[in-house]
Amino acid sequence: MSKPAERKDSVWSIGDGAPEETEKRDDSQRSTLFIEKPQSGSVSVGGNITFIAKVEAKDLLRKPNVKWFKGKWMDLASKAGKHLQLKESFERHTKIHTFEMHIIQAKENYAGNYRCEVSYKDKFDSCSFDLEVTESSQAAPSIDIRSAFKRSGDGQDDAGELDFSGLLKRREVKQQEEEPEVDVWELLKNANPSEYEKIAFQYGITDLRGMLKRLKRMRREVKKSAAFAKGLDPAYQVDKGGKVRFMVELADPTVELKWYKNGQEIRPSAKYIFEHKGNQRILFINNCTMTDDARYYVTAGDEKCSTELFVRDPPILVTKGLEDTNTYVGERVELSCEVSEDDANVKWFKNGVELTNEPKSRYRIKVEGKKHTLIIEEAAKNDSATYSVMTTGGQSEAKLSVDLRPLKISLALEDQTVRLGQEIHLKCEISENVEGKWYKNGQLVEASDRVKLYHKGRIHRFIIASAAVDDEGEYMFVPDAYNINIPCKVHVVDPPKLHLDGLGEDNTVTVVAGSKLRLEIPITGEPTPKVMWSRGDKWLTDSGRIRAETYPDSSCLVIDAAEREDSGPFRITLKNEAGEDTALINIKVVDVPDPPQAPNVTEVGEDWCVMTWEPPANDGGSPILGYFIERKKKQSSRWMRLNFELCKETTFEPKKMIEGVAYEVRVFAVNAIGISKPSMPSKSFVPLAVTSPPTLLAVDGVTDTSVTMKWRPPDHIGAAGLDGYVVEYCFEGTDEWIVANPELTDKTKFTINGLPTGSKILVRVKAVNAAGESEPRYHPQPILVKEVVEPPKIRLPRHLKQTYTRRVGETVNLVIPFQGRPRAKVSWQKNGSPIDKNQINIRNTENDTIIFIRKAERSHSGEYDMKVEVENLEDKATIDIQIVDRPGPPEIVTIEDVWGENVNLSWKPPKDDGNAAITGYTIQKADKKSMEWFTVMEHYHRTSATINELVIGNEYYFRIFAENMCGLSEDATMTKESALIAKDGKVYKYPVYDDFDFSERPLFTQPLINTYAVAGYNATLNCSVRGNPKPKITWLKNKVIIMNDPRYRMFSNQGVCTLEIRKPSPYDGGTYTCRAVNELGEAEVDCKLEVKGGLSFFRLLMDGVPPHIIDSYMREVQADKTEGK
């Protein structure tokens, strides 16, 4: 026979393990997340059922994930709807997540196995449970002997204790209906394990685990026995007190036979009778009791045959039922019934919940033979319920109603009115000695240091020793357990009082006219007193300019924009039911003085004026302390205070005004109350001053009939501005100045026309503004009216004195200034030929020439010759322009030799160097198999190279790029043949090279450049030289060696030679020479240094005067000095 099935957490399975092993496995599989698992259940078709799972969140940072499944894979989250609802909740106090699955109006196909899974991070837990859906029946099934199988035990001697919890659904004792005898064990033995729960529910078996363990033993397959021709039946059942017969048939009647009960051998007695009939061996058990419900087996030699005996207990009937009972709270209650047998197992229930006879329980169960009594010593209100008693054969129920005794009020609370600080004493008396609670305004009052609560017998007291304002209210006493209250009112009163401590002498309050007075007077009194304000015979209201505002603890007198007429006494009166208080308050209104009259400006200067005014007609009731004066620009709205200390006089002299700006002034009067409004502004006035003379008056050009003059604006113009200039001249030897421009000119250049040729004139210029003409600026020397030839001079920029280099495609834009008078003529040539103006744009002005090439090409490279001609004089300059591009590839790359892992390459420089020196080569290699190129050398300068560390057995090609300042050549030259690195190498003979002679005579690679210096500012001369051995450097001035002169510093670093002249003067101008000498020879370079005349030259340069004008001016100054000598 197969072993009986066991149930684990409502999931049934069949196994061969012993019951003890199964229990151990249950302990090892305890839940790690669940604190309450959903349990299997049963529901009728159309009924509702709820499954609950609980997870503790104490160690979880967030909500766990919970899923409900039916069977193995069906996720019920997608099936939620009318018949299935999933809910979840969280209790913050206990920190427990509750998950519920509600099945509504169940159908038959809802039955089956369900599973609940919970997961959190790496934790996981699951629980399976079953749902059985049964067909609804109108009549409840009657109780039969099968209820005797409701046992909790493993079938041992102590088995047999009944479990009647399944009978709670039947509330009335009903006549048993005869049903055909059903052998539950035969049903279980032949049923599929998946139908066990259905059979157990159908036949009211609750001890399913114990039954299945025994069934497991019954269903073991027994091998065919050689000793037993016929064995015992798998199970026997008998009524309590009845007789049972066990019979086996032996194959060999001589074999010794022994009978056992629960492993103990049975000896013949009056209860156990042995009988032999041929090969049959029979055991009779008489007068069966519940202790005979056990496992039996018989042995014949080494063979064993076993069976199970189940003793059924006859039902216990309720012969006298419970009766409905009414009682009062605190009374003793006894509910009694009688059953058909003494000391029967009877269970008590309250509203369907079983009651236990534990020592700490309020309920005590008393058994006297067939009489069973439920005792409640002191009944409470919550003991009202339906009580029922249940036996195996019937039940009875009755209703217990516990009511309160009628309560009478012997002494009610009385309303009280007490003064502030007096005692509040509330007292009441009721007919019952019960506890109660005190309430104030609906809020529970607890006992404290201020509040004393007393209860003695039926009397309750409430005492507050010192009444406060907050103690006023409605009080109420409520006896516990009674829906009744005893109310009263407590009224706390306090006479009204004004608190005038903060006011001055005679209760006088001073307020400035125009300001708002808000006088707050603290008041006390309970109930809150009525406040009344009056002025004379008129009462003040709570609206208007003068009004009274009342608050619970204060009253305010408010005067908006106080006026002098508001001065006088005001009366305040307080009244309440406890008394009255009154006081007089004096209000005094003071004001600022009236504004003075508009001031008069009596005198105006360059940046100052003198003003006077009259005192105000009304001083506001307080003496004038002084005055404040303000001024502003006429076009501005911003006034500026001129004095921060009061002016005691009525005259004032504002200073530091801006010339030419219109101003206005005004005055404020000040008394002890404050500052008056400002006076009306004075009439506007303007401080004026003429400008300083124009500056830097110089001759800009002279012709046979005209002289052009230039000058700079005055150093100081003033705020009045500059309207223009007047140019005047007079002939030498006369004092008559002639105005050259009848109308003012706003330019700083003017030509005087119509002058006789050969005459000499004196010139002066005046600046004119609203204040008049400035002092004149005179030209220092008479000017000869005759055109002067200025020799041409090209001022070539320093960066064009060297080769000017640009890349192909870049823009060339060169500006070369020059000087020369009159009408200088500029011409250009390239490499001795005229310039093609279609490719190169030339633009000439009076002072400079511009050469512009939009997109340079290599054909634009060359020497550009510039010539400036003035009459028979000329000046030339040459600009070397070099347009460079990337070079072409090297010509021929040859593999000179291959040895070992090395290849020697040689090549010729490219034919096209890109118009720039070749700076190096880039060498790449490629394996013949892959032809992927890899760089092995960069920026290599020679035209031969040895490539090392090549892979033996590979065959290589090589290619070389040429490189100049523009980058690598676009193409590379590749070797025509490949180099095979043979596996059998040969010894490489290194060639013998002679030592290279690096000796070299000195050679200047960068010459000295003619330089202009400014007197007083350091100047430097630079050049570069090379030579080996290192040459000795000597500096000379005008062919004289410079030695031990602190005004000169000499440096030489990496072939760069520098001479620094500290703060040169015109004396330091001359020819400077740098001489380099070594044992192979010597070399020299020289330049001219010209020191311009000091601060005047520098100042002219900073003022933006063109260099050729400055140079002309300096020559004239130098000529004047020569003539003066």
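Glycine is treated like the rest: Cβ placed from N, Cα and C.
Taken straight from TrEMBL:
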COMPBIAS  1-10  compositional bias 'Basic and acidic residues'
REGION    1-31  region 'Disordered'
DOMAIN    314-401  domain 'Ig-like'
DOMAIN    496-586  domain 'Ig-like'
DOMAIN    595-694  domain 'Fibronectin type-III'
DOMAIN    695-788  domain 'Fibronectin type-III'
DOMAIN    792-880  domain 'Ig-like'
DOMAIN    889-984  domain 'Fibronectin type-III'
DOMAIN    1002-1086  domain 'Ig-like'
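Taking DSSP states H, G and I as helix and E and B as strand, the domain 'Ig-like' (792-880) has 6 helix, 52 strand, 31 coil.
Mean pLDDT for the domain 'Ig-like' (496-586) in this predicted model: 87. Within the domain 'Fibronectin type-III' (595-694), the DSSP-based counts of helix, strand and coil residues read 0 helix, 32 strand, 68 coil. Look at the domain 'Fibronectin type-III' (695-788): DSSP puts its residues at 0 helix, 45 strand, 49 coil. Taking H, G and I as helix, E and B as strand and the rest as coil, DSSP gives the domain 'Ig-like' (496-586) the counts 6 helix, 55 strand, 30 coil.
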